[in-house]
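Accompanying notes for the structure given below.
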């Protein structure tokens, strides 16, 4: 293992193997402890895309909320459907919701807000690329979730896991923004393992992962966008040796996107990068 890989593995907290029962219990306890330590929390809010990460996070959140209710805490889980117009895989969102069985579900179409934002910027002389418009979608989705959380005295859950965090494969202050990230510490294959244990429909965790943010490249696979497979990313996070080209790609993503894993820099934090 290279020196940088050792640093990354320690930072990303991925275990070489997990016990499904123990991991699920640990994540539920984390969610419950956070809620119990903040008396204002009445809701947990999460956008559901129909993909592996939001399905897993949503299911664990609902299970934690169910236990909190049994313990006398008044709270609920709110799932949010956030299509941009008509979502191609809308049926998978419905399948995920049926599996999660959330207390409450809202639907907010982000298309009018995103299109208006793009138009307003264009009128100001700022022409967004399709990729940049994709980031607008991610930020609008998170804005909606925080608005719902604010309106219901809640918090927003993030779906960031370690295989995503290491590459910075999320929009800064978009899907990367949240109050808590319950599934951080898992890699992609471990997330699949937990969903399989929980009895999720196979197609929800066996589908090709995609952020699906770009109009010009609908359903673009994550692995194609990243230039590396989740198999190699997962192996890297577990401290295994992987092909040199894959390792170099992962480490380039890690270094280039370090700013996404930091809070806003100040004049007191910046000097550490000049040592």
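Glycine is no exception: its Cβ is also placed from the backbone N, Cα and C atoms.
For reference, Swiss-Prot has these:
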BINDING   47, 48, 49, 50, 51, 52, 53, 54, 159, 188, 210  ATP binding site
BINDING   53, 164  Mg(2+) binding site
BINDING   139, 172, 179, 259, 260  deamido-NAD(+) binding site
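With the fewest other C-beta atoms within 10 Å around its C-beta, 179 stands out among the binding-site residues 53, 164, 179. For the binding-site residues given as 47, 51, the lowest number of other CB atoms within 10 Å of the residue's CB is seen at 51.
Spacing of residue 164 (Mg(2+) binding site) relative to residue 259 (deamido-NAD(+) binding site) is 14 Å (Cα to Cα, whole number). Cα separation, residue 159 (ATP binding site) to residue 172 (deamido-NAD(+) binding site), rounded: 13 Å.
Neighbour density around each Cβ, counted as other Cβ atoms within 10 Å, peaks among the binding-site residues 139, 172 at 139.
The number of other CB atoms found within 10 A of the CB of residue 159 (ATP binding site), across every protein chain shown, is 26.
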